[in-house]
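The block underneath contains the structure these notes are about, expressed in structure tokens.
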């Protein structure tokens, strides 16, 4: 497993986090108290019913493996944003516990007020500890709370990449004090995939960074400008880069105040012999709506009242060729308004090219996952990151606190 440094790292890294898989293989978990920080933050409807149980299903292998090894298992997660220090039925993990019971084929009791201990979990049994964000001090990474939680366990397992960018008591503090701290299978898989994509990538390395605003992705763009061979921009971000290249974009969404930043990124790439491909054709409309008429235009023919809502077919074909020839692909964001089919061709063509490419591909971000689902390519993307904000912060080159503390523990 690799460390999360963006520099070139060896495959046998002494500071890579310890893993649950290694502990299970060593056979030392029988009778041990194992505390798993999972990501069970699932969407619910107005009645509180779970609408997508993907995260719960993803958490089952780690829990089941610990139970099979004879461990006494405690699982917790956040759910929504409850007020700290008070019970909040709207954010209770009760529905999660019911679904977890079904998936594990056994009762999973839900415990409230658990931070002070006073409960026993027999080996081979599992309990769900109520929403960790109800505990005073969770979000501020309280040292006192972290030590109380660490006293409950012999082994701490972080299996929640989605919160790895937050230093909270259950993601960071407890890992400092637990007798053993390690990465669960979901977290370990994310570390491996991200390390493979940016630590030692097979070249050419192509990144697709798309979205409505340059401002929200500027740090990512600057970070990747030093690393990638082609930086494909899409959506409103591409409009700003087109402006920077001296092209007209009509009344399209753009950020003129960031033109200097866009030009700087183009220059950094060019100095390295890398490129930011600027579209040669685009799909325009006079309004932003599901029924808007789409018109394919050469980039030099965009009218003052046009809105650019997708890349054109020539651009899509050109970029698809680059993706098919890539060694590594990092994908964050659809290149057009793919929710409206007449503006979805660019994203569809690129998605298909990623699926057909021999490159190792990693994709992340909510809109990207929706596009992957729409075009049915999930089983042909090398790795789909569920991290959201953590995935973006990794692309920015930031240290993720939850991973950093596990690396520190491994090093010591």
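For all residues, glycine too, the Cβ spot is worked out from N, Cα and C.
Small disclaimer: the values here were computed from a predicted structure and weren't measured.
Together with 39, 40, 41, 78, 79, 80, 81, 133, 166, the substrate site in Swiss-Prot holds one more listed residue from 55, 57, 176, which is 55. The ATP site in Swiss-Prot is built from 339, 365, 366, 367, 368 plus one of 140, 148, 196, 217, namely 217. The two recorded residues, residue 39 (substrate binding site) and residue 367 (ATP binding site), show a Cα separation of 20 Å. Sequence-distant contacts (6 or more apart, same chain, Cβ under 8 Å) of residue 80 (substrate binding site) comprise 41, 90, 91, 131, 133. Between the CA atoms of residue 217 (ATP binding site) and residue 78 (substrate binding site) there is a gap of 26 Å, rounded to the nearest whole number. On a Cα basis, residue 78 (substrate binding site) lies 19 Å away from residue 366 (ATP binding site). Whole-number maximum of the Cα to Cα distances across the ATP-binding residues 217, 339, 365, 366, 367, 368: 21 angstrom.
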